Amino acid sequence: MSHAVIPTGRRIAPGQVLAGGGVCLLALAVLSLMVGPVWIAPSQVLGALWHPDPLNVSHILVTSTRLSRTLIAIVVGAGLAVAGALMQVLTRNPLASPGLFGINAGAMFFLIVCVSLFPKVAMSVWLWSAFAGAAVAGCLVWLIGTMGKGSLNPLRMVLAGAAITAMFAAFSQAMLVVNQEGLDTVLFWLAGSVADRELATVLPLMGYCLAALVGALLLSGQVNVLNAGEAIARGLGQRTGRIRLLMSLLVVALAGGAVAMAGSIGFVGLIVPHMARKLLPADHRWLLPGCALLGACLLLLADILARVVIVPQEVPVGVMTALFGAPFFIFLLRRGGRYG
């Protein structure tokens with residue numbers, strides 16, 4: 001009597017993985033609306049979303065603070081994760097992250113300049129100044145990385161990113177020595193947080209990030225070809241220089257918008273692509289949506305834990321992602337960067 005052999009080690013279908021990620025994201029989003037110094041029942045959360053009562057304290061808490069930080073965490077986590085996946089293809093380095101473009105340092109310097117020169121302006125001006133700094137740093141790294149033969153050299157770009165980061169960090173330290181008043185604001189921003197952001201203030205930046213996410217998904221086919229190798233991509237008639245330029249612009253838009261909204265949040269762009277590769281095939285048409293879902297889930301989870309670790313105070317979400325990411329990064333280094 002013959003027995004059917006059930007194959008082991010079979011991957012779950014990519015569609016099922018993405019569906020599961022969507023369910024997890026929805027569950028974490030609802031939990032994020034519930035959790036805090038004051039816990040809110042699920043029925044109250046649903047009531048606040050569908051029929052908000054301006055006299056109900058729980059409804060006010062959900063709509064005024066928790067909804068905005070939940071949406072920001074979703075967009076920022078997805079943006080950083082997709083930017084990290086693109087960056088690893090762009091540099092052909094499995095340990096690359098969006099920080100290689102000097103985005104964090106550029107955003108920090110421009111923010112310090114804005115706080116020092118215009119301390120009384122609205123927070124939206126600070127956010128846009130940080131986004132501008134991220135864009136300037138990314139453009140400088142790109143220009144230096146394409147010097148010489150006119151094509152992007154991954155090694156030159158990494159070195160340029162380190163140099164630009166060091167330069168902006170030195171400028172930032174000099175500005176803080178001259179002007180101590182902006183130190184508290186900058187330290188809060190450096191720690192990384194999705195709290196105390198009004199939805200109306202960050203909505204334009206969220207729109208840019210969402211548009212860049214759509215652009216990354218549309219470019220996923222070309223990313224696959226480039227990931228196969230420069231020679232193969234050229235042999236297939238692909239304009240690799242244009243693909244790299246578009247990928248770089250998307251990285252700057254995604255990571256720059258995320259940094260401007262939430263500050264410096266590390267490790268999401270590094271560890272999420274590796275997690276996604278363990279669950280999904282090496283096809284960026286599946287991998288990039290998976291990174292977006294996993295990144296959003298990871299940052300939401302980190303933000304939820306940040307609220308309950310030392311109630312009634314909160315731990316900056318950037319600290320929580322560092323606690324998750326640092327051991328994972330050490331693990332990747334021990335594996336020689338060949339994880340996944």
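Using the three backbone atoms N, Cα and C, a Cβ is placed for every residue, glycine included.
Some features that Swiss-Prot has for this protein:
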- 21-41: transmembrane segment (TRANSMEM)
- 70-90: transmembrane segment (TRANSMEM)
- 98-118: transmembrane segment (TRANSMEM)
- 125-145: transmembrane segment (TRANSMEM)
- 158-178: transmembrane segment (TRANSMEM)
- 199-219: transmembrane segment (TRANSMEM)
- 251-271: transmembrane segment (TRANSMEM)
- 286-306: transmembrane segment (TRANSMEM)
- 313-333: transmembrane segment (TRANSMEM)
Contact call for the transmembrane segment (98-118) against the transmembrane segment (158-178), three or more Cβ pairs under 8 Å:
yes
With pairs 6 or more apart in sequence, are the transmembrane segment (70-90) and the transmembrane segment (199-219) linked by at least 3 Cβ pairs under 8 Å?
yes
Stretch in 125-145, 158-178, 286-306, 313-333 most in contact with the transmembrane segment (251-271), if contact is a CB pair under 8 A:
313-333
Give the one range among 158-178, 286-306, 313-333 whose Cβ atoms make the most pairs under 8 Å with those of the transmembrane segment (125-145).
158-178
Report, as numbers and ranges, which residues of the same chain sit near the transmembrane segment (158-178): CB under 8 Å and 6 or more residues beyond its ends.
91, 93, 96, 99-102, 104-106, 108-109, 112-113, 116, 133, 137, 140-141, 144-145, 186
What residues in the same chain, six or more past the boundaries of the transmembrane segment (313-333), come closer than 8 Å to it by Cβ-Cβ distance?
73, 94-95, 188, 190-195, 262-268, 270-271, 274, 298-299, 302-303, 305-307, 339
I need to check the long-range neighbours of the transmembrane segment (286-306): which residues 6 or more away from its ends have a CB within less than 8 Å of a CB in the stretch?
14, 17-18, 21-22, 24-25, 28-29, 31-32, 35, 69-70, 73-82, 84-86, 194, 213, 216-217, 220, 223, 265, 268-269, 271-273, 275-277, 279-280, 314-317, 319-321, 324
